[in-house]
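Participant: Feature annotation from TrEMBL assigns coiled coil to 160-222. The annotation domain 'Histidine kinase' is assigned in TrEMBL to 229-450. Sequence annotations record features per position, and here TrEMBL assigns domain 'Response regulatory' to 462-577. TrEMBL lists Asp511 with the feature 4-aspartylphosphate.
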Amino acid sequence: MTGAMDTTLHLAAIAGEQDVFALRRVARTVSEIAGTDRQDQIRLATALSELGRDRLGSSGVTVRFALVARPSPALEVTIRWRDGAPPAAEALDSARRLVRDLSSEAAGRQGSIVLRQPVPLRADGFAEAVSRLSEALDEEQTTNREDDLRAQTKDLILALEHARVQSEELQLLNDELEQTNAGVLALYAEISSELEQTNIGVVALHAELEDKSRQLREASETKTRFWANVSHELRSPLNSVIGLSQLLADSTPEELGEQQRHQVGLIAASGETLRVLVDDLLDVAKAEAGQLIPQLAPVDLALLLAQIESVVQPSAPSPEVAVLFPDPAGLPTLVTDEMMLTRVLRNLISNSLKFTSSGHVRLSVRCLEEPPGTVEFTVEDTGIGIPPQEQTKVFEEFHQVRGAHQRGKAGTGLGLPYARSLVILLGGTISLASEVGHGTTVTVTLPGSPAQEPDEQARLPLIASADDDPAFAAVFRPVLEAVAERVVQVPGGVELLEFVMREKPAAIIMDLNMPDVDGYETIRRLADSEETAAVPVVVVTGYPLTHVDRARLGHARAVLNKDAVDAQELRRALGSRFEEGTA
């Protein structure tokens, strides 16, 4: 029987041992014509031989070979019986090991077994396979039992040969795997050794870096002391030279001729220039050594700017350069160090005048809304400008932008670094924007503070304090309780950051030397977060103030020493926060 999806190739019956031999032979022939390889032919023939022999005790046993197209082309062999015991489990297991797609069912004394083996034939080639199978079966009609046994023996030999080849291949793979494992173990040992050596190198490098850092700190301190000592030593003879020059300049015409008077004037002018440079050097040394401590007091900006204007107006390089100051009306009162602010502004204006040949140098002042009370000073000029690659270097000590514009312009390269140091000490920021040929703008921002001393009876609602020294924390607590209704003390920077984010205290008091996150990093994180940037921070440290890196503490209101801090000093450092906390 044939159909579009199911084509019968051969039908056979099993009644005796000879039929089992014939079934094996037919299975080989059908598998070969269906296009399966030699091993699959032997597997199918052996499985059918085993199942056929198991069915010899049953009656009405038939075997049908068919080609089916769905779900994919396959050779399907169906064994049916009408009366007999169910197949032995051992026979089914043996056949299933040879042909994986095997199913069986039994109902009472009858049942069926179906084996499926994939074939490479297409559905349109089924008819040709039927024709070829008919011819092949006709040729095999003359075979006898001895031929079947020889064929079976040949199949067994082929199977054994195939098993031997597979065993050799498996042994080869095992040998390769062992070699690979040995290589992996050797590589692991090598990597472990290299990693250990690398770790040793990293530890040594870390120790070397620590040593280099210590040497750099010592060199910086030595340099600062050298500057200070040399500056002090130079000022005395300089003052003598300048004073004697002025005495000579005051001589009568009979005592000093016109040419000599001119030469004495040059000596005095050179001495004044040198004294200014020495003063700059000394000021920078003091700033680096932490010897400059802001003396905060109310400053009348209108009066201060008027004084600065009277000094810098005569220093304009030519009538073509206008020096512009803001209208004094409406200028705020700022609590800061008047001398430091004066030096910053004079320094910036003088620097702009030095490199502006026409146009203007303008100082402007305005109050910012956030943070409240903040004052912004801007010095803007129409000078030569600074190239982009130099703008990050102008705040470095002794750095000067080289070029034709430097001819005849005396300077040490300390002006802007000194101004930056003072601004940081005042708790502010300084920034620069410039374009070659269009001028430069320098912006200084300073925090605001109240004009009056804080009320000694007022207390803040909540203060957070961080210090890993329990003894000092216990001694310091009464000081904190004198300025706050509630005090929370934590041992480190991590706990402080978590508490501040959660509770939002009115102020933060903290040490610098803490085990997890030190004070410098804690202040940086507080300043970078929008939620905590407005909370005032006061550093209370056991370090000598000369050893504190104030450049990294710009966000702190003040840096106090543990040996001298008291409630009054803490109130003064926190400033306007008392008005906000008790309003």
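For all residues, glycine too, the Cβ spot is worked out from N, Cα and C.
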Participant: Using a Cβ cut-off under 8 Å and a sequence separation of 6 or more, which residues in the same chain sit near the residue listed as '4-aspartylphosphate'?
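Facilitator: Listed in sequence order, they are Ala466, Asp467, Asp468, Asp469, Gly519, Val539, Val540, Thr541, Gly542.
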Participant: Mind looking up the mean pLDDT for the domain 'Response regulatory' (462-577) in the predicted model?
Facilitator: 86
Participant: Just to be sure I understand, if DSSP states are collapsed into helix, strand and coil, how many residues of the domain 'Response regulatory' (462-577) fall in each?
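Facilitator: DSSP classes over the domain 'Response regulatory' (462-577) add up to 51 helix, 25 strand, 40 coil.
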